[in-house]
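K.L.:
Just lifted these from Swiss-Prot, have a look:
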type	residues	note
BINDING	35-37, 41-47, 231, 261-262, 269-271	ATP binding site
BINDING	67, 212	L-glutamine binding site
MOTIF	34-44	motif ''HIGH' region'
MOTIF	268-272	motif ''KMSKS' region'
């Protein structure tokens, strides 16, 4: 077992500790069982970190198992995307990838065993009749007229289902449990249905497919899972989980434990609603950096370490709560503050001309990549007579709180000299286009000899050697903390969730930027090169997160 002092603790780990101490289990085997019908989101990241993290900490194993029992909605592309997400988060699964479809023969055998024991029957009620017979939370169900069909006839009917002799929706195999149970999941649930659909793993071998609640527990048993961990919406289903395990001849007896799912402010987690965002072109794709998918966070510049830290901070409980977005943003902000190299980018450029700087002079300034981490080394930043600075970093007049460039006031250019503004040019609309200044050539890396110290520092890029870039300022997709509660969540989409800047200027070192690798743009925030640039050679940077939480003030 790894160092227990650094392990997180929660009620699930307490259960595992007790199971190991008592000898109930001699090792730990968990699993992460996504359905390959879409992209994983940050809620899945929590489950990945929990299941794989437990296996790591207890020197156990965690299986990656695809719950692929619904072929009409599944795709091999999602299988590949999910594998990429798990690996990106820093985890490896035990052995080969598992598929529920690997067990279709065994699952069919278990269904036959239930029929032979008089615990399953083929039912010909249609969907509407099935709902009517099922009852409600306040009204018990009633038995299907097909419930007492003989074992022999049910075996023959199930064989006909398997052989494709019934059309879809005509019949289904149901477990015979208790139609008066207070738990709806025990009112003779469907465990097999007819589907003439091509399967991405088994092809056209099967035309009957098992339901999730039947497949899940038996797959756990076949794989020797010791602790089957899922979210609270499956709490009642645990009774069906246990019933199935008790009724058939399985090689092991797993147990299910539930924890609260992740609810995150300003975010939707419903796959159906996320699909609506994509289908209605409210976002560009499933990996649009405003989406809560793992692929979107990766594209936005989030790091695996920040996601794992987030999962650690929010913990594992049975209590439903909503996590503030600031918790997630703090995790990535802290990670990148410590590890991201610095660079300079001017998003709204105006020209700065140093009038006393020689026309033919060009310098290669050596600038640290990180102010407190010498191991990150240095880079060369070109400097000459003409630079670009941010338009908001200059005013003709300003109060004492404004610590940037003002006429007759001095500031330091980051990593370079102290300059003093003298005058400016404006266009016909009165917008400043060019600022003129003088520089003190003795101030490279040091303060003026007269003892004065500039009160401000601004960033800049060389006007002649800077690179053109597109910068996408991503923000929260919704304007309200709980968009799912809105009558129409389209009405609460943040119109400023994406602001695209096409005229940005960046320092030349960023020509070597790699997709998804984040930089701190000095005084701006954290940005990474997009991983889906349509035009070869173009520089498109996505904002990962700002330097500080601007929403904290908005919400006050």
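In case you wondered, yes, glycine gets a Cβ from its N, Cα and C as well.
Locate each feature and note its surroundings.
P.N.:
In sequence order, 70, 73, 74, 75, 78, 271 make up the list of same-chain residues 6 or more apart from residue 37 (ATP binding site) whose Cβ falls under 8 Å from its Cβ.
Annotation for residue 212 (L-glutamine binding site): same-chain Cβ neighbours under 8 Å, separated by at least 6 residues, are 67, 69, 70.
In the predicted model, the motif ''HIGH' region' (34-44) shows an average pLDDT of 96.
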K.L.:
Could you list the residues of the same chain, at least six apart in sequence, whose Cβ is under 8 A from the Cβ of residue 231 (ATP binding site)?
P.N.:
47, 258, 259, 260, 261
K.L.:
How many other Cβ atoms sit within 10 Å of the Cβ of residue 44 (ATP binding site)?
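P.N.:
Residue 44 (ATP binding site) is surrounded by 23 other Cβ atoms within 10 Å.
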K.L.:
If I restrict to non-local contacts, at least six residues apart, and a C-beta distance under 8 angstroms, what lies near residue 35 (ATP binding site) in its own chain?
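P.N.:
The answer is 66, 67, 68, 70, 73, 74.
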K.L.:
Need the DSSP three-state call for residue 35 (ATP binding site) to compare against my parser.
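P.N.:
Going by the DSSP assignment, residue 35 (ATP binding site) belongs to neither helix nor strand, so it counts as coil.
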K.L.:
Tell me, how many other CB atoms lie within 10 A of the CB of residue 46 (ATP binding site), whichever protein chain they belong to?
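P.N.:
Total other Cβ atoms inside 10 Å, all chains included: 24.
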K.L.:
Pick out which of the binding-site residues 67, 262, 270 has the most other Cβ atoms within 10 Å of its own Cβ.
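P.N.:
When each Cβ's neighbours within 10 Å are tallied, 262 tops the list.
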